[in-house]
Amino acid sequence: MEEGERSPLLSQETAGQKPLSVHRPPTSGCLGPVPREDQAEAWGCSCCPPETKHQALSGTPKKGPAPSLSPGSSCVKYLIFLSNFPFSLLGLLALAIGLWGLAVKGSLGSDLGGPLPTDPMLGLALGGLVVSAASLAGCLGALCENTCLLRGFSGGILAFLVLEAVAGALVVALWGPLQDSLEHTLRVAIAHYQDDPDLRFLLDQVQLGLRCCGAASYQDWQQNLYFNCSSPGVQACSLPASCCIDPREDGASVNDQCGFGVLRLDADAAQRVVYLEGCGPPLRRWLRANLAASGGYAIAVVLLQGAELLLAARLLGALAARSGAAYGPGAHGEDRAGPQSPSPGAPPAAKPARG
């Protein structure tokens, strides 16, 4: 058949029909490739706004803005942000102080693997990092309504609660052995008094606060290489200034030599200058006296974390309900659409038989 004969047939077949158009995949306003639906909806971690993400996945046009949260859910959202913001600042401050302390000790040539089981500055830095990370996740997750960050925040709070429960159970079960190990810990700190500036600061604060000297008695300082009477240095047979009854000696600054030569004196002469009682018994008495207050603080922290966990769960539920209401079945007009006219090429529908 010639070309001229085929043209009328083609025009008759296509008469009354809309011209065919090439189907193009839907695009979104977000940068990067369109995410898979199962990956994008799994954790709510997409960088796109919810309505834009759903348009990119389904190809449906935008019908309107996403519904806003209810007043109660909005209150929960800002309550999570405001309650975590101070902890974020405190965590970042602790992290900065810990890193600064580690940098100073490194510049002084100090060994980070010192006599303490964990370096105080390293513990401060790690604690600040964990607290600031969890608090910032709660702040940003609530403020930006990001379910991924809110789930991470909830997981962190839950991990804190589990660790605190385990630590509390261990303290209750091992309370007696922990008290018995105090004097041993103090003797280790005395032997390494000059090795670590943080250790020296902590031991000085314990002796000044409890008005004591040594572990069991002031003679425990004989275990220190610098204060031992056999030492050739100028500190031989001496005690640190934190053992002195009046370290300032009515002056403006601490007299570091107030305890020099005290270990050569008898007990009657030494008690006029330094404290003779060790820090083990006063430390045990202090722990027993403050046990109720420490337990109250621990319970308050646990209750606060439990409240944060419940608020995060409430906000996650509200966000999930809003997403389901906005993008569930019938939200885009599929179920609300009226009857559609049949296509020109479709066969006519059969009429019901009359009785």
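Note that Cβ sites are derived from N, Cα and C of the backbone, with glycine treated the same way.
Per Swiss-Prot, the features are:
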REGION    1-33  region 'Disordered'
TOPO_DOM  1-78  topological domain 'Cytoplasmic'
TRANSMEM  79-99  transmembrane segment
TOPO_DOM  100-120  topological domain 'Extracellular'
TRANSMEM  121-141  transmembrane segment
TOPO_DOM  142-154  topological domain 'Cytoplasmic'
TRANSMEM  155-175  transmembrane segment
TOPO_DOM  176-355  topological domain 'Extracellular'
DISULFID  Cys212-Cys279  disulfide bond
DISULFID  Cys213-Cys243  disulfide bond
CARBOHYD  Asn228  N-linked glycosylation site
DISULFID  Cys229-Cys237  disulfide bond
DISULFID  Cys244-Cys258  disulfide bond
REGION    327-355  region 'Disordered'
COMPBIAS  341-355  compositional bias 'Pro residues'
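Across the structure, Cys212 (disulfide bond) and Cys243 (disulfide bond) place their CA atoms 7 angstrom apart. Around Cys244 (disulfide bond), taking its Cβ as the centre, 23 other Cβ atoms fall within 10 Å, counting all chains. Away from its own ends, the topological domain 'Cytoplasmic' (142-154) comes close to residues 43-45, 69, 77-78, 80-81, 84, 134, 308-309, 312-313, 315-316, 319-320 of its chain (Cβ-Cβ under 8 Å, at least six residues beyond either end). Counting only the Cα atoms, the space from Cys243 (disulfide bond) to Cys279 (disulfide bond) is about 10 angstrom. The Cα of Cys279 (disulfide bond) lies closest to that of Cys213, out of the recorded positions Cys213, Asn228, Cys229, Cys237, Cys258.
Of the disulfide-bonded residues Cys229, Cys258, Cys258 has the largest number of other Cβ atoms within 10 Å of its own Cβ.
Most Cβ neighbours within 10 Å among the disulfide-bonded residues Cys212, Cys237, Cys279: this distinction goes to Cys279.
Checking each of the disulfide-bonded residues (Cys213, Cys237, Cys244, Cys258) against the residue listed as 'N-linked glycosylation site', the C-alpha distance stays within 10 Å for Cys237.
Within the set of recorded positions (Cys213, Asn228, Cys243), the lowest number of other Cβ atoms found within 10 Å of a Cβ is recorded at Asn228. Cys244 (disulfide bond) has its Cα within 10 Å of the Cα of these disulfide-bonded residues: Cys213, taken from Cys213, Cys229, Cys237. Between the C-alpha atoms of Cys229 (disulfide bond) and Cys213 (disulfide bond), the distance comes to 17 Å. Across the structure, Cys237 (disulfide bond) and Cys258 (disulfide bond) are spaced 12 Å apart at their Cα atoms. Following the DSSP three-state reduction, the secondary structure of Cys258 (disulfide bond) is coil.
Counting residue by residue with DSSP, the topological domain 'Cytoplasmic' (142-154) contains 11 helix, 0 strand, 2 coil. Mean model confidence for the topological domain 'Extracellular' (100-120) is a pLDDT of 62.
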